[in-house]
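TrEMBL has this to say about the protein:
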DOMAIN    42-125  domain 'Ig-like'
DOMAIN    133-239  domain 'Ig-like'
DOMAIN    244-320  domain 'Ig-like'
DOMAIN    329-409  domain 'Ig-like'
DOMAIN    413-509  domain 'Ig-like'
Amino acid sequence: MFLEPSAWVLQGKLCFIVYLEEYYQLQRDGECELEWLLLIQPYFSQQPQDQVVVAGQSVTLPCVIVGYRGMVQWTKDGLALGGERDLPGWVRYSLMGDPLSGEHSLVIDSAELGDDAVYECQATQVGLRSHRAKLTVLVPPSDPVVEGGPVVRLKAHTPHNLTCRASGAKPAAEITWYRDGEIMHDTIYSKTLMEDGKRETAVSMLPMVPEDSDSGRTYTCRVLNPAAPAGRQTSVTISVQHPPSVTLSVQPQTVMEGAKVLFICSASANPEITGYRWSKGGVPISEANGDSLEVTVDHSYFTDPVSCEVSNSVGSTNVSTLVDVQFGPKLLTEPKPQIVDIGMDAAFTCSWTGNPPLTLAWTKQGSSVVLSNSNTLQLKAVTQDDSGTYTCKAIVPRIGVAERDVTLTVNGPPIITAEATQQAIKHSKGKLECLVGSSPPPDKIVWTFGDTILSSGSSGRFSVQTVQSDRGVLSSLILSETLAQDFQLRYNCTAWNRFGTGTALVTLEEQGMGLALKQYLIGIEFTCLLRTCPPPPICQFKKMKIKIIYLLRNSYIFV
């Protein structure tokens with residue numbers, strides 16, 4: 001098979017070299033001598049190989065073909081670049097070497113990311129192709145960027161990820177953190193492919209919980225890749241910001257009620273303080289807006305704290321303090337009167353405050369016995385004797401004393417108070433009295449004497465009057481005229497309520513005869529409990545003439 005013939009000069013004569021499939025023939029014009037030589041097939045003496053180049057550098061992809069004088073072209077990712085040696089349209093591309101010597105190397109000036117491709121050298125007329133050579137273009141990372149720099153403002157004690165970003169690198173940049181020149185570990189690294197599908201963005205986060213001691217420290221983000229082995233770096237300074245640190249003091253700390261004190265609110269902050277706000281017991285003090293407050297204190301400053309709130313752009317801090325105000329007893333809980341039935345429990349509560357700490361004592365009027373030293377007085381299974389007024393007394397040493405009274409009313413059977421012997425002048429108007437002072441008030445009061453029973457109104461010379469007083473119900477048996485037989489009778493005053501019955505026996509004595517009668521009546525002594533006596537006639541006695549002496553509670557002595 002003949003291919004395109006070429007001519008050259010051999011030993012001074014023009015000859016033709018004819019390419020055959022297996023042989024070539026030299027023929028001299030005129031006197032021709034033929035020599036048959038073995039045909040040499042075209043082949044690559046140099047082929048492009050995979051290469052790595054840094055963007056901006058030039059690179060040569062070699063291609064030398066022996067035994068070929070036809071057209072040579074290069075392809076890039078399968079796209080033909082053209083057969084001309086200056087490669088029109090590819091301003092940075094050109095073919096280098098002597099084409100007669102088979103030199104067709106591809107030169108790329110100032111390699112760019114777009115040059116990153118697979119290249120092939122082709123002898124198109126003989127269907128000869130070189131190795132496929134991968135040209136890798138390395139791109140250095142851009143200068144690293146630390147978010148928030150050059151001064152990163154962080155809130156104290158709040159976790160934060162210090163973030164450094166290096167973009168546009170191929171391959172992705174390696175990132176290392178330093179704190180004041182000391183390498184930091186435990187970073188979080190990630191990378192993402194950019195839109196061009198070749199370059200990458202790398203991100204490194206350095207977790208930290210900033211403390212005040214970190215303020216002013218320098219953190220450096222250093223990035224590198226094979227295209228920038230010397231690396232690039234960016235440094236930032238940390239500014240740790242925090243709400244104000246506040247100290248609240250009071251001068252003097254211990255004062256008497258009515259004295260003046262000065263509150264001082266000392267604060268430091270980063271950034272600067274923007275305002276102060278004062279309050280007492282949670283209520284704002286509108287007229288106070290600086291770092292000090294002077295007031296005249298009362299006892300409430302002992303329990304209601306004074307607060308100073310200091311603010312800046314990061315936040316606010318509120319600090320409170322109490323004043324050691326010394327004052328006498330102040331009543332907090334007023335004891336309430338109690339009405340209970342006999343046999344039940346009763347309790348009074350009385351609370352005070354004072355400074356210095358107070359002592360408390362419960363007593364019953366008429367007695368100095370301390371019943372309790374606590375806020376609550378407990379009375380178990382009360383009787384009618386427990387009725388009365390109780391006093392809750394508070395004592396603040398060296399300061400003062402205060403007290404509150406409260407009454408206990410015990411509901412029970414009527415308690416009747418009457419003088420056992422009452423006097424009147426014969427043949428004049430006379431009166432016998434009994435006082436029913438129990439709770440609840442009596443439903444009925446009856447006088448019994450001889451054969452007469454009288455609760456109200458009149459009967460002959462006798463009439464009954466009932467009067468309500470502060471001490472109870474006073475019942476009076478009135479005789480319009482006293483006769484001799486009236487001084488011989490026993491008068492029974494009996495009262496009823498829902499709890500039972502009470503009775504008192506009274507004798508009428510002629511005025512002026514008391515001493516002789518007392519001497520005459522000395523005799524047998526015995527006790528009669530009124531509540532055990534049956535209804536009138538009340539008690540049965542062994543002597544017809546007796547004297548009744550009223551004792552404590554419902555007891556009488558008969559002689």
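Note that the numbers count up from 1, one per residue, in the order the chain is shown.
Cβ atoms are placed via backbone N, Cα and C, with glycine included.
Automatic, uncurated: that is what TrEMBL annotation is.
According to DSSP, the secondary structure content of the domain 'Ig-like' (133-239) in residues is 3 helix, 69 strand, 35 coil.
Across the domain 'Ig-like' (413-509), DSSP helix (H, G, I), strand (E, B) and coil residues number 5 helix, 60 strand, 32 coil. Across the range of the domain 'Ig-like' (244-320), the DSSP-based residue counts are 4 helix, 46 strand, 27 coil. Residues of the domain 'Ig-like' (42-125) grouped by DSSP class, helix first, strand second and coil last, total 8 helix, 37 strand, 39 coil.
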